[in-house]
Amino acid sequence: MAKLTVKDLNVRGKRVLMRVDYNVPMEEKNGEMVINDATRIEETLPTLEYLIGQGAKIVLMAHLGRPKGTKEPTMSLRPVAKKLADLLGRPVAFVDDCIGEKAEKTANALQPGDVLVVENVRYYNEEEANDPVFAEKLAKLGDVYVNDAFGAAHRAHASTEGVARVITKRGGQAAAGLLMERELKFLGEELEKPARPFVVILGGAKVSDKIKVIDNLLDKADTILIGGAMTYTFRLALGKKVGKSLVEADKVDVAKAALDKAKAKGVQFLLPVDNTVATPVMTDKLNKKGKPIIDLTNPRTNSGLDIPDNEEGVDIGPETIKQYSDVISKAKTILWNGPMGIFEDPRFAEGSFAVGRAVAEATGKNGAKSIIGGGDSVKAVKKAKLGDKVTFMSTGGGASLEFLEGTVLPGVAVLNDK
Ligand SMILES: Nc1ncnc2c1ncn2[C@@H]1O[C@H](COP(=O)(O)OP(=O)(O)O)[C@@H](O)[C@H]1O
Ligand SMILES: O=C(OP(=O)(O)O)[C@H](O)COP(=O)(O)O
């Protein structure tokens, strides 16, 4: 059922309490927290500009990191509010608490078009516990509720779920923001009745993380292209040798079941025909957790399906790139989730970058659409500078995965139906 959106609301002069996902990557530089990637803030600007234009009084709440109920200063939203002011080109007020008298007074004093950011909701344990009393306190900041935090919509927390219940119970409305609406359109509606051929590219580390997505998409896709470390659990299931590749030996049955389902459904299910492999060598350097760092040495292309005992599969190979690019070039709907190899290492990024280029080239050809599930595939697309050549990139990692599994996200379910 379609959800109410901000455009369905009359917000003039009202306090709009809006949940956003401003959980942005930050790092400390000269004693100051600096934002490394402001995409999640930028993506909420259309909703904010719309609300400002409508004369709403906007109160933004968000989490940053996982402070677990402590007031961890490195996880303050103050620098985020500052960045938002720069991006909006107008002042943004900030209150160092998300509940209580100061926050309420500031919210009540807002004028139409004003924007206020309140402090990290996860400074309170009650947020993640979805505590009803805490939700009541948050609800004092708004007349209507808007959720534009797709990236946090898989969490049933007080600011994503509980507060919407309180506001709707007292007769206020709860609606999706414009970013949330776009996420639900591209990851939901567009994939429900996709233009065909519908090609799904799945990679990343683990079969166990993606199996529900695979299962759900086997009911919808024409072709599924597999890459990443997942490949090797499938290869094990087919009786091949995987050397030192990352595998989940206890998921071989699950992989076999997916292969069987693909056959039964007539879905073309392709595994890489070649790989980049490298030899792992233990070094005497230690990582942050005090464990020895493993160097990957002597990268080469392995053309067979068996990987020698002392080597590890780290990327898809050139033949696979050709084959996958050809399939992608004929697609009308493309969904990509998970990198094809260890793309963080430039030696093993080519598979992900080449697939990214193929997706970018296919986009727009005969109206073809490309949708990139959040997380590392978005990072790979951005790293390859292809971000503006795909149709849609999700802002949610865990949330997009759960949504693609077919799970109803609590932060969406609670919103009013149209
Ligand atoms: N062949 C491989 N061996 C080990 N790790 C891999 C391999 N291919 C991809 N990865 C790793 O998988 C990680 C991403 O996996 P995942 O979190 O499942 O993806 P996403 O965030 O897109 O859902 C990346 O850090 C990448 O280095
Ligand atoms: O960054 C987020 O998750 P993601 O990295 O899976 O996209 C969201 O803000 C949710 O954060 P959480 O996983 O701490 O609940």
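Heads up, the Cβ atoms here are built off N, Cα and C, so glycines get one too.
TrEMBL has this to say about the protein:
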BINDING   Asp21, Tyr22, Asn23, Arg40, His63, Leu64, Gly65, Arg66, Arg122, Arg155  substrate binding site
BINDING   Arg40, Arg122, Arg155  (2R)-3-phosphoglycerate binding site
BINDING   Lys210, Gly313, Glu344, Gly374, Gly375, Asp376, Ser377  ATP binding site
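Overlay of TrEMBL feature records on the structure.
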residue	record	CB count, 10 Å
Asp21	substrate binding site	27
Asn23	substrate binding site	22
His63	substrate binding site	26
Gly65	substrate binding site	15
Arg122	substrate binding site	25
Lys210	ATP binding site	24
Gly313	ATP binding site	28
Gly374	ATP binding site	23
Gly375	ATP binding site	21
Ser377	ATP binding site	30
If you count other Cβ atoms within 10 Å of each one's Cβ, which of the binding-site residues Glu344, Asp376 has the most?
Asp376
Candidate nearest Asp376 (ATP binding site) in space, where candidates are the binding-site residues Asn23, Arg122, Arg155 and distance is Cα-Cα:
Asn23
Arg155 ((2R)-3-phosphoglycerate binding site), number of other Cβ atoms within 10 Å:
22
Report the binding-site residues (Asp21, Asn23, His63, Gly65, Arg122, Arg155) that meet this criterion: Cβ distance to the nearest atom of ligand 1 under 6 Å. Use sequence order and write none if nothing qualifies.
none
I need the nearest neighbour of Gly374 (ATP binding site) among the binding-site residues Asn23, Arg40, His63, Arg155, using C-alpha distances.
Arg40
For ligand 2, which among the binding-site residues Asp21, Gly65, Ser377 have a CB under 6 Å from it?
Asp21
Please identify, among the binding-site residues Asp21, His63, Arg122, the one with the smallest Cα-Cα distance to Gly375 (ATP binding site).
Asp21
Suppose we draw a 10 Å sphere around the Cβ of Arg40 ((2R)-3-phosphoglycerate binding site). How many other Cβ atoms does it contain, all chains included?
23
If one measures from the C-alpha of Gly65 (substrate binding site) to the C-alpha of Glu344 (ATP binding site), what distance in angstrom results, rounded to a whole number?
22
Same chain, not part of Arg40, Arg122, Arg155: whose C-beta falls within 8 angstroms of the C-beta centre of the (2R)-3-phosphoglycerate site? Give them in sequence order.
Asp21, Tyr22, Asn23, Ala62, His63, Leu64, Ala149, Gly151, Ala152, His157, Thr160
I'd like to confirm something. Which of the binding-site residues, Arg155, Lys210, Glu344, has a Cα closest to the Cα of His63 (substrate binding site)?
Arg155
From Asn23, Arg122, Lys210, Gly313, Glu344, Ser377: binding-site residues whose CA lies within 10 A of Arg40 ((2R)-3-phosphoglycerate binding site):
Asn23
Cα-Cα, whole number of Å: Ser377 (ATP binding site) versus Asn23 (substrate binding site)?
18
Rounded to the nearest angstrom, how far is the Cα of Lys210 (ATP binding site) from the Cα of Arg122 (substrate binding site)?
28
What kind of secondary structure is Ser377 (ATP binding site) part of, going by DSSP in three states?
helix
